[in-house]
């Protein structure tokens, strides 16, 4: 890859600035500087880059398509909510050099703990080596410790420095610095655990490792095979591997690996039954997906769809309005948000809707099966593009003819399909038997359903007649014909729905309306959601795109709990954590007691609970490793970290406890504190680990977090790999904990 390449950094059609881009010697960092001033503007790590898109694959570059050919354009896409970097190279050859070089660096970036640590060491060494001579004197080492969040006694630091200075030159270089780092990062708590199971204190034999896995990690199946796999995978010494033993270094690498994570690796892949009706699943859902800012003046962008799909979202919103020249536009109606052509949204969905999602660094192995996609056409428009058609012979139609309206299809049956949620003119049978279509061969059950539909139409004639007429005036017939399983219907109470609604219909409720129903009719709400889909959306007062707590909606089985994906915070942490299981496919199967239409379960009434609880969750928070500094903190400032564990679930399970804070140590703080929680409905519980920088005069600052469903917790000694506010990993920052679950 070339270094010091002059390219145009583009933010809009009118904002194009020339910048020098250079790959640093560590092959991990790219910085760019102004051509005019020579001042370095910014830098980013290869580990922050998710992918590189060639050509005009962003709205900004599309707007410049006539000015710059696609061969010179490319987009660097980052993990999380960080904005993309649109670049225009001086030639097609330069563009290809960067595109292919970046892709190779991303591809070969191993996510092992050892490499992350080596990269981390190198980065800090280069930052602290002020005179760039490749050596570090003691003054530079002291500066390094401050930068690394360590406030160490000067005498102790000098002792470590002198022990590592084998050449007695008064400086550290090469392997000497590695020795100093190893002494600095010695994990006494891990070494103590290792020696507890090692007879000679130097190695774990195969049988000793098996004992550890069974007694502490509660691995009870294929333990010997697992022990052999761990030695082969994580033992750095070839000699030790040949002898089937695990050294202390190998033991630490195992504990920091996906197999040593708190998240059960078996739940990172698709592991749940996908043959249940749609209403039996929680579905990852976004609100006003096209917006990437606020609800009134925010920017509408296809990036909103791309980012949501990459996060595993399977229910998107497309608010369409009639645009100029008969072309529908997507935007938040009656506001000042920008607009994007509907055809661009469709094109984007075609590229990303069923794409396998790659994990962010540190997330562990994931597989995102291309399940179906649910699109919410929240507004109606009369000009339905002729290019957009759903063939009548596809699965949704065949399933309806076979099963009638009595049963929703399964995610498995709808794989690679797109369902449209929206208004519909008339009945589904009218669509099936319409002009140009052969009449469906319906069964007696379907005739009965048809008769029921006619009865309903007669009963509701006065109430719904005017609304139907309005729909006919504003809704394109072709659009109406695409709505099969998710026909929008107003909610008029659970009794009305049970008497007159079908599973193929769906109601949308505001968060305030949903809360009232939860409070007044909790059990009826759970029963309703056992056979019909319900969508919840944010209050119209949330113009800043803030979010409500999704947990209270999941507690009553609401499937489509729509959140503003563009807004970071606790609510999106819960959403990301909940849907990180089951292959991150965007579907999580409800517990059995929420799939029964006659269930007695009410999240607010302990006497109605039918789950497996109560259980006791005991968490020993042992230590932290290499915690990041707080953003925008003062130079030389060192964090005072504490850990808070938060439980989200049914009201009686909601709780939080925290450790004491450790003063001036973000590098290797030790808490050794035990927190204990009682969970009455563990099937619905989410656990959020939060690290904060304690401040006695103001609100604590956020450092990192990790959220997962209780069902995905692996007991034993585990590492928790922390995520940033944007949901991206921050290697090698982690917590070391011991988990116990008892009935």
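Cβ coordinates come from backbone N, Cα and C, glycine included.
Marked as domain 'PH' by TrEMBL: 1-107. Annotation source TrEMBL lists domain 'EF-hand' at 116-151, 152-187. Residues or ranges marked as region 'Disordered' in TrEMBL: 429-471. Sequence annotations record features per position, and here TrEMBL assigns compositional bias 'Acidic residues' to 431-450. If you look up TrEMBL, you'll see 451-461 marked as compositional bias 'Basic and acidic residues'. Look at TrEMBL and you will find 479-595 tagged as domain 'PI-PLC Y-box'. Feature annotation from TrEMBL assigns domain 'C2' to 595-724.
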Which bits of the chain, at least 6 residues beyond where the domain 'EF-hand' (152-187) starts or stops, bring a Cβ under 8 A of a Cβ in it?
117, 121, 125, 134-138, 141-142, 145, 252, 623, 625, 667-668
Summarise the domain 'PI-PLC Y-box' (479-595) by DSSP state, stating how many residues are helix, strand and coil.
48 helix, 21 strand, 48 coil
Determine how many residues of the domain 'PH' (1-107) DSSP places in helix, in strand and in coil.
27 helix, 42 strand, 38 coil
